[in-house]
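Peer 1: Pulled these from Swiss-Prot:
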- Glu106: active site, nucleophile (ACT_SITE)
- Glu110, Asn123, Thr124, Asn125, Lys133, Lys134, Glu135, Tyr197, Trp198, Arg278: xyloglucan binding site (BINDING)
- Cys226-Cys240: disulfide bond (DISULFID)
- Cys273-Cys287: disulfide bond (DISULFID)
- 26-218: domain 'GH16' (DOMAIN)
- Asn114: N-linked glycosylation site (CARBOHYD)
- 1-25: signal peptide (SIGNAL)
- Asp108: site 'Important for catalytic activity' (SITE)
Amino acid sequence: MAKHLALSVAAAVAVSWLAASSAAAAGFYEKFDVVGAGDHVRVVSDDGKTQQVALTLDRSSGSGFTSKDTYLFGEFSVQMKLVGGNSAGTVTSFYLSSGEGDGHDEIDIEFMGNLSGNPYVMNTNVWANGDGKKEHQFYLWFDPTADFHTYKIIWNPQNIIFQVDDVPVRTFKKYDDLAYPQSKPMRLHATLWDGSYWATRHGDVKIDWSGAPFVVSYRGYSTNACVNNNPAGGWSSSWCPEGTSAWIHRELDGAELGTVAWAERNYMSYNYCADGWRFPQGFPAECYRK
């Protein structure tokens, strides 16, 4: 489910930040904008160097942040520790979006909470020119609430790669005759919100507010990306930082494609290219291509 729906909640909710120390928060404020209820976010430093951001969700508000810059291609990663216990109905996200319009582009990583003892679902999705419905969903091979794990999006002109702890789990390839996010600059977003209408068992399981507040922690944010703050888009290598060569032409090799196949075989819980009920007139064109 795209965050243009989610953020209609988050935007109304609005979020701001309480910093445990002004020094810890200063660098964060240089990179991100936040709005809203100040007591729903904390920016702290564990060791004087590492920033940790805690987002909170309760009945009154969700929380989130968005990058000041917009990007056209890049490598984006963050470490996250998800909501523990009964997290049913909650949605935690790390994603890129060009905005809320009908023709928007978006690249999603979302975590859909579940009842205690049941696994989280990691939802990946790609939107191009307003066309989404390209979800691959996975259970994880570890408990994402017990410790921090690294989630990464690599977005370049050839493909989009989703990684978990440096393990590729999905690649979405560009085809010249099909829509692909390549012209609209996107901002980075992170949110924690109430997705009861959708997130857990197709909305059958709602948030148990007796367990609030729900908290998710972010740290170790890293980006190597081409900054493009021109709404009209366009791309030039001059906008890209040092180190761009590590990802700008990156495609998965045979061994990495084997890792994707391993993830699909052992942990995939949903593949839009196998959902005939959803696509009775035929699957999207990319489903038929290798």
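Glycine is treated like the rest: Cβ placed from N, Cα and C.
Computed from a predicted structure; not experimentally measured.
Looking at the shown structure, what environment does each listed feature sit in?
Peer 2: DSSP gives Glu106 (active site, nucleophile) a strand state.
The 10 Å shell around the Cβ of Glu135 (xyloglucan binding site) contains 18 further Cβ atoms across the protein chains shown. DSSP gives Glu135 (xyloglucan binding site) a coil state; it is part of no helix or strand.
Non-local neighbourhood of Cys240 (disulfide bond): Phe73, Ala225, Cys226, Ile248, each in the same chain, at least six residues away, with C-beta under 8 Å from its C-beta.
According to its DSSP assignment, Cys287 (disulfide bond) is helical. Taking the Cβ of Cys287 (disulfide bond) as reference, residues of its chain lying under 8 Å away and at least six apart in sequence are, in sequence order, Tyr272, Cys273.
Confidence over the domain 'GH16' (26-218), given as mean pLDDT on the 0 to 100 scale, stands at 92.
DSSP gives Asn114 (N-linked glycosylation site) a coil state; it is part of no helix or strand.
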Peer 1: Out of Cys226, Cys273, give me whichever of these disulfide-bonded residues has the highest number of other Cβ atoms within 10 Å.
Peer 2: Cys226
Peer 1: Using DSSP and three states only, what is Cys273 (disulfide bond)?
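Peer 2: Note: Cys273 (disulfide bond) is helical by DSSP.
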Peer 1: Cα of Trp198 (xyloglucan binding site) to Cα of Glu106 (active site, nucleophile): how many Å, rounded?
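Peer 2: Roughly 19 Å, rounded to the nearest whole number.
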Peer 1: Find the longest CA to CA distance in the recorded xyloglucan-binding set Glu110, Asn123, Thr124, Asn125, Lys133, Lys134, Glu135, Tyr197, Trp198, Arg278; express it in Å as a whole number.
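Peer 2: Roughly 20 Å, rounded to the nearest whole number.
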